[in-house]
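**Student:** Before we start, here is the structure in question, set down as structure tokens.
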């Protein structure tokens, strides 16, 4: 199995005085690494490593700097047996390949790149690294390069094997066909110890590494002895120790930085902090017991509480406050030091918070030399922050761990008997006993909050370059101070920024009146406010979100009307509406209710309502996979918009009958019942205005469909609305008809007879005289009217001719016969025929306006051309019926208002199509037993019979 090959740097072409090449000999969190000379003239830099004994090489690992990055690193290997002398001038290096490094711009020069290069097994005693070129960036103007760490993995060669070579330096003898040892589980290179990996040794504190190595050896022995419970404990202990070692590595780095800055008080606190935390970890994880320094312990083969639930928990790290307090008590009473072991608190120091664990991954693929080099990138969880070095990276924040900069942590309670159940129970004043002690750093940490309160800008972070580019326009309009409050990490600053923005929008009108030369136009102010509010409405803190929604309402209801252009209003809505819609689907009631109220307030803005910017986003179809809360919020807001703005005929408004019916029909199929209920209410609102459109979106209303409970309830509500509508129409028609209809029992007078005769003889004349009237040309499908006129003329002539013939042939038996329905009666009283026309003939009907008796086929024409109330009637362009102007819109929503088929006529009584009207179609429709269901005279005739 591969292990770390120890080496020493024997040659470097150049080096910085503060960063010598000897730094590459060791690995650890505090290692600086090698750097080239500042302003050097060398194009290539060579570094030669000599292994402490000949080795067989499997893998080479390189850790690059975060911004002092070479373009590529060439790898050369030399092998010389110990029996032969070896000098740099006599060495012959075999070229393995090169590694290309990324420029690191995508990580903003804050992370390091680790390249793991797997090579064909080769013998070697020397490794030469040739660093070529420099990748210039804004932090590396001088062309300086750096290499933080080098690690070589392989196996030591036996003395006999290493002395059998011929010494030509290529290292390919006898092992060129061997394969490196691989782990059967992962397929990666099998390591003798996890501590040999550069990813581990660079970021774990050295003392913890020693403990982990000993535990690994114990685990191997435990597995061979089949002490599996003991082996499980050792494995969990090593995992927990690695986490603790990374934390101790950060503390060690902070201690080194404090020493370099000559802040020896902080360095002392860091040292004590490391010792306290290390002792607490070793005690809680029972490391000494697991090492079995005094022989085998049976308790290790039994389950214990700390290792029972998987990964053991680590003790809380002591903060600098705890460390300073412990030192103060130790100065007063040395016996009180032991009591500090039982204390636990959270780590509130800035050094701990800023020095996070560092894990790097390989970024760029490795260029491979033929048959010599196989590069495999190291797989890790992702990029993390890198350590600082002296001089410090311009992009990395200061790791100075002075407690004065910390805002976390709290002092110990004065009264331990009082539980910490509220913020008032915490004591935030400095302890008088420590006021004159030597722990001045601790006192400055205690006074941090007071300093922040005195200067609010002290804790506010400045904008970086990317944020400044994003907020360029808001900075120009509102100033840097207000924008920094929106980008601050403190939610109080974000709330203050929103309040200032809201006051700015409210007072802008006053400012414009006072000074007409305002720096920013209303369009720029609205756009800048939308950019800042887009960030604020996504805030996770409820108080900030509440302030943001209030500011959005002020923007659209007070600032936008009459000032901002329509295109800018649309841009602001497009930026804010998606975020508010996402918030409206939040499970929290206060969040989604506030988001709904804000969206409806935006929709109430006149400029927004005029362009219909909100309704189209709400009236989209609701999928069955949409979250219940989001779907319900959208439908509830859409229902509210229908009540407030009404149903529109503009197809772009999102509130048309078609859009609403499609949205409602998609909502009734949602798996959540509350969503279906809201969708049903929307469909009922649309059905009141356009029943045909709603029924067109639904399955046919039959017995099979009504078996579904959902459709049965919906169609039942539709039937109720239909009954109400028909009742209203009947009541309206009665009110209009009663004003002109004579009583049914009134005897026929001479004027009635003359009017009846006029209807009998004047129908055809009226029809013929109106051939050029607009009625015939209102619909292309009504060309049958011309044919109807000719047929009625011929029918009138035939009735006259048949009457004359009957009088000549049947002089002896006088009989009266109706030319329309073939009704006849004995006698010669002409009043009987008139009475038949007036009351009984199913072929005739009365005009509802003037009570004139005329043929059913001519009623529509009469109402629009001959009737005294013809000014109140219009011809429906769809079905060609004559409709009262006040009832025209309701008529078009009825189911029977449909397109007329070619060559057919429309019956004004039952609204059905009459086929072949010129070939006896009217007679079949009006006189047959299964004919016109709306003909009242036919029903009365059946009752009399």
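Just so you know, glycine gets a Cβ as well, placed from its N, Cα and C.
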**Student:** Per TrEMBL, which of 159-182, 183-206, 207-230, 231-254 is region 'Disordered'?
**Tutor:** 159-182
**Student:** Can you dig out which of the ranges 790-813, 814-837, 838-861 TrEMBL describes as region 'Disordered'?
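**Tutor:** That would be 790-813, per the region 'Disordered' entry in TrEMBL.
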**Student:** Any idea what the model's mean pLDDT is for the domain 'Centrosomal protein CEP104 N-terminal' (33-154)?
**Tutor:** 85
**Student:** Looking only at the domain 'Centrosomal protein CEP104 Zn finger' (818-927), what are its DSSP counts of helix, strand and coil residues?
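**Tutor:** Split by secondary structure, the domain 'Centrosomal protein CEP104 Zn finger' (818-927) comes out as 44 helix, 19 strand, 47 coil.
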**Student:** Please list the DSSP helix, strand and coil residue counts for the domain 'Centrosomal protein CEP104 N-terminal' (33-154).
**Tutor:** 3 helix, 68 strand, 51 coil
